[in-house]
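Take a look at the structure set out below.
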Amino acid sequence: MRITIQEYVVNEIDSGPYGITVGKDGALWFTEQKGNRIGRINATGEINSFPIPTANAGAMSIISDQTGDLWFTEYNSSKIGKMSMNGLFEEYVLPTTNAAPFGITEGPDGAIWFTEMNNGRIGRITKSGEITEFELPNSKSFPSFITLGSDGALWFTQNQNNRIGRITTKGEVKEYPIPTPNSGPVGIASGPDGAIWFVQIMGNKIGRITFEGEVKEFVIPTPNARPHAIIPGKNRDLWFTEWGGNQISRITVEGVITEYTIPTNNAEPHGITFCPDGDLWFAEECNQIGRLTIIT
């Protein structure tokens, strides 16, 4: 497989792009963790952005819901943000202070589900702003990313508890241990094979877990790659960012890994998403947005 990578500089100095998603308008929307903005980039590379009302909000992960609204976590301010594609903001304060919301996804019930890193909870917010929090067995588990599984449950990583968690829309929680000790799971995604896939930032592996809790692990070729986010691909594969390895990588459902180097050194890639045209877009904390095009 041959690929090309283009990079686009974000206008704001020290913007720190982190999360990225595809909007219903076909553009890419991203969080500026340091710049305190929500950015938008179109297919031609034109970028504009919208300031978040709360100062130093610490915007991290972002998604586009079925109606087209953008939802994002505000790690520093313990809020969930909502923005229309016209740039109109609403912010919802979490009941628990210093919750540090991080990962976010849309559930099968139409609500938005998110993780609360600092207090070991999973949160749920309706489109009208009603919030419910579910406590995990370990309050220090540091839940990170969260995704919707094909079984209708929400699956999430527990970065400091070395487990993969599963929560139903009724709030019922199950946890599954990861074989590698202190693996530091972060990104998580529902794979094209129906299983749940996740990255191990400390274990330097990609993990796969079935709904029964059976785990397989695949070693990343580059040492200290520090994988971060992962998404399903288009050809029975998944793609993930390597924060430490400065690469965008592909893993097939059979576990074969291929790595592609980012042109900019120390780009610090984090969030990653697929565009409808088949291109991969990713956020680089070094003030750039990357675009990977698959040629063959």
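Glycine too: its Cβ is placed from the backbone N, Cα and C atoms.
Predicted automatically and left uncurated, TrEMBL annotations should be read as such.
Look at TrEMBL and you will find HIS270 tagged as active site, proton acceptor. Contacts of HIS270 (active site, proton acceptor) defined by a Cβ separation under 8 A and a same-chain sequence distance of 6+ are given as PRO17, TYR18, GLY19, HIS228, ALA229, THR241, TRP243, PHE282, ALA283, GLU284, GLU285, in order along the sequence. Under the DSSP three-state reduction, HIS270 (active site, proton acceptor) is assigned to strand.
If you look up TrEMBL, you'll see HIS228 marked as substrate binding site. The DSSP secondary structure for HIS228 (substrate binding site) is strand.
Here TrEMBL flags GLU268, GLU285 as Mg(2+) binding site. When Cβ atoms from all protein chains are considered, those within 10 Å of GLU285 (Mg(2+) binding site) total 19, not counting its own.
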In three-state DSSP terms, the structure that GLU285 (Mg(2+) binding site) belongs to: coil
Cβ neighbours within the same chain of GLU268 (Mg(2+) binding site) - under 8 Å, at least six residues apart: TRP243, ASN246, GLU284, GLU285, CYS286
Cβ neighbours of HIS228 (substrate binding site) where a neighbour is any other Cβ within 10 Å: 23
